[in-house]
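Asks: Right, I'll just put the structure down here and ask away after.
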Amino acid sequence: MESLTLQPIELISGEVNLPGSKSVSNRALLLAALASGTTRLTNLLDSDDIRHMLNALTKLGVNYRLSADKTTCEVEGLGQAFHTTQPLELFLGNAGTAMRPLAAALCLGQGDYVLTGEPRMKERPIGHLVDALRQASAQIEYLEQENFPPLRIQGTGLQAGTVTIDGSISSQFLTAFLMSAPLAQGKVTIKIVGELVSKPYIDITLHIMEQFGVQVINHDYQEFVIPAGQSYVSPGQFLVEGDASSASYFLAAAAIKGGEVKVTGIGKNSIQGDIQFADALEKMGAQIEWGDDYVIARRGELNAVDLDFNHIPDAAMTIATTALFAKGTTAIRNVYNWRVKETDRLAAMATELRKVGATVEEGEDFIVITPPTKLIHAAIDTYDDHRMAMCFSLVALSDTPVTINDPKCTSKTFPDYFDKFAQLSR
């Protein structure tokens, strides 16, 4: 297996422009495909997850033109749900942002579909979404294990009315249903059961739907009403924000070993909840400065925090490795959904933090981290999880090297991450 050893870094300083957000890119591509009119998407992320969505859209009869650098895409909207005459199999890798929204969207029109992916995708739950879609008369069957992909979907349309959806495992189930609801056969009301996790990701969904001309009435995240008679209309141009989760590594690096790092492509008005990572970093002692389209982080004396990270679970992973440089014991709480991501991130994070010398307590939905007096050089396993690889790059900000196994797994969201990280390192 390929590995990459990062030597100790003395100083982190400079400017980095973020690749487009994965969450925004795949949502916008799907809505552009369903909308009437042509949409020109700029700053699109070029990564595995986006490629899986684009490949699926091609098979579904959507025409688009992709620039040579793959960051600008002109999508010719269908102006309706997908209609296919031949049975189709769509392979979606490990892209939850493609699997969940497409599973809902393919129920709307006509066609016979199988949705499948990599082995890890078959371990990632989708039952709560399927249950909700079935309430709206969707025809879906599990081909292997109950509640998990692969799925067979017969497109027959989604009925109007009220459905309940469990929000406690992943917000992607609600996102998927919300994006399909305007093309259902009438007014749709979605009632949430349990505590809705990752609410900021729902805000992203609602914001993008609004840009494509659809209004959703949000009753305090407990009930969502999608009035009848709406359809998606291209906004013409659509700028994909920089990926706020990807910003977290550079901001944390500056907090630990700045200098200062300026991250461009997101700012104080970002629609992504993961910009709240900077607030958590500030609580630890970093200096943070906000602009309209940038964030600057500077080094500070870092202290441990004990916080609920339910709203920003992806960026919270970066706090786990930042905790290695903080005084005291850090607790990251209410992150059960780490267990159903690209890998079981609670187990993986605990295992790898212990390798570098940390004392770790792992609970069902929390992790508590006490740093060692000196970090140990270890080979970090990444579990085919892009965020594990990027989080553990921060270990090199000590006086100890770190070896990252399978560094190319960052291609899921940030193919040139290690190049960008090296450019800022002194």
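Any Cβ shown, glycine's included, is placed from N, Cα and C.
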Asks: Considering the phosphoenolpyruvate binding residues K22, G96, R124, Q172, R345, R387 given in Swiss-Prot, which of K70, K408, K412 is annotated for that site as well?
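Replies: Checking K70, K408, K412 against Swiss-Prot: the phosphoenolpyruvate site match is K412.
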Asks: To the nearest whole angstrom, what is the C-alpha distance linking Q172 (phosphoenolpyruvate binding site) and S198 (3-phosphoshikimate binding site)?
Replies: 9
Asks: For a quick check of understanding: among the binding-site residues R124, R387, K412, which residue's Cβ has the most other Cβ atoms within 10 Å?
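Replies: Neighbour-count leader: R387.
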Asks: Need the DSSP three-state call for G96 (phosphoenolpyruvate binding site) to compare against my parser.
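Replies: For G96 (phosphoenolpyruvate binding site) - judged by DSSP and reduced to three states - the answer is helix.
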Asks: I'm trying to understand the geometry here, so how far is the Cα atom of R387 (phosphoenolpyruvate binding site) from the Cα atom of D314 (active site, proton acceptor), in Å to the nearest whole number?
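Replies: Roughly 8 Å, rounded to the nearest whole number.
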Asks: Closest of the recorded positions to K412 (phosphoenolpyruvate binding site), Cα to Cα, picking from R27, S171, S198, D314, N337?
Replies: D314
